[in-house]
Amino acid sequence: MAGEHVILLDEQDQPAGMLEKYAAHTFDTPLHLAFSCWLFNQQGQLLVTRRSLGKKAWPGVWTNSVCGHPQQGETFEQAVTRRCRFELGVEISDIAPVHPAFRYRAVAPNGIVENEVCPVYAARVVSEVQPNDDEVMDYQWVDLATMLSALAATPWAFSPWMVLEAENRDARQALTDFVARLRG
């Protein structure tokens, strides 16, 4: 999206400025604010996406449903909704935090660094998926338990943030509970 920025953070995770999103993601990416969201359908299936080959970091890699950066003055819920519409063309509901304190740093094979305070959410998809080809090259609906097993068995096949999010016991439980509520 044109004109997007990242909110830079100091080591106490407090806002310390802003930087244009594309310029922020480099070989020495500063700590900044982001979010990650795992989307589910009414049957409790997880939407996994394959990042477009045009992405600067981890192109072509399978990952959780959607990630992004809140803009100044925007709540996380507003940011999640905005990116779901932009990347996947979907409307969502029931946004819930599953790992609010997630923070990670990872280096892509091309040297680009992710360095984020990145609260993790779950949400329910309430419309058909219409992916933006600039963001997503493929997608699949999968069973959460199957995906968690795949992440544990073959972590190299997925984005590092998805693997790290799934390694957190409380986040796994929150995702499992979210799916149970959807299935009623």
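Backbone N, Cα and C atoms are what each Cβ position is placed from, and that goes for glycine too.
Annotated features, as they stand in Swiss-Prot:
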- Cys67: active site (ACT_SITE)
- Glu116: active site (ACT_SITE)
- His25, His32, His69, Glu114, Glu116: Mn(2+) binding site (BINDING)
- Glu87: Mg(2+) binding site (BINDING)
- 30-164: domain 'Nudix hydrolase' (DOMAIN)
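The structure, with features from Swiss-Prot marked on it.
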residue: His25; record: Mn(2+) binding site; Cβ neighbours (10 Å): 20
residue: His32; record: Mn(2+) binding site; Cβ neighbours (10 Å): 24
residue: Cys67; record: active site; Cβ neighbours (10 Å): 22
residue: His69; record: Mn(2+) binding site; Cβ neighbours (10 Å): 20
residue: Glu87; record: Mg(2+) binding site; Cβ neighbours (10 Å): 23
residue: Glu114; record: Mn(2+) binding site; Cβ neighbours (10 Å): 20
residue: Glu116; record: active site; Cβ neighbours (10 Å): 23
Distance between His25 (Mn(2+) binding site) and Glu116 (active site) at the Cα atoms, whole Å?
11
Which one is closest to Glu116 (active site) in space, judged by CA to CA distance, out of the recorded positions His32, Cys67, His69, Glu87?
His32
Cys67 (active site) and His32 (Mn(2+) binding site), distance between Cα atoms, whole Å:
13
Do you know the DSSP helix, strand and coil residue counts for the domain 'Nudix hydrolase' (30-164)?
31 helix, 53 strand, 51 coil
Just give me the nearest neighbour of Glu87 (Mg(2+) binding site) among the recorded positions Cys67, His69, Glu114, Cα to Cα.
Cys67
Cβ within 8 Å of the Mn(2+) site's Cβ centroid: which residues qualify beyond His25, His32, His69, Glu114, Glu116?
Val6, Lys21, Ala24, Thr29, Leu33, Ala34, Asn115, Cys118
What's the CA-CA gap between Glu114 (Mn(2+) binding site) and Cys67 (active site) in angstrom, rounded?
12
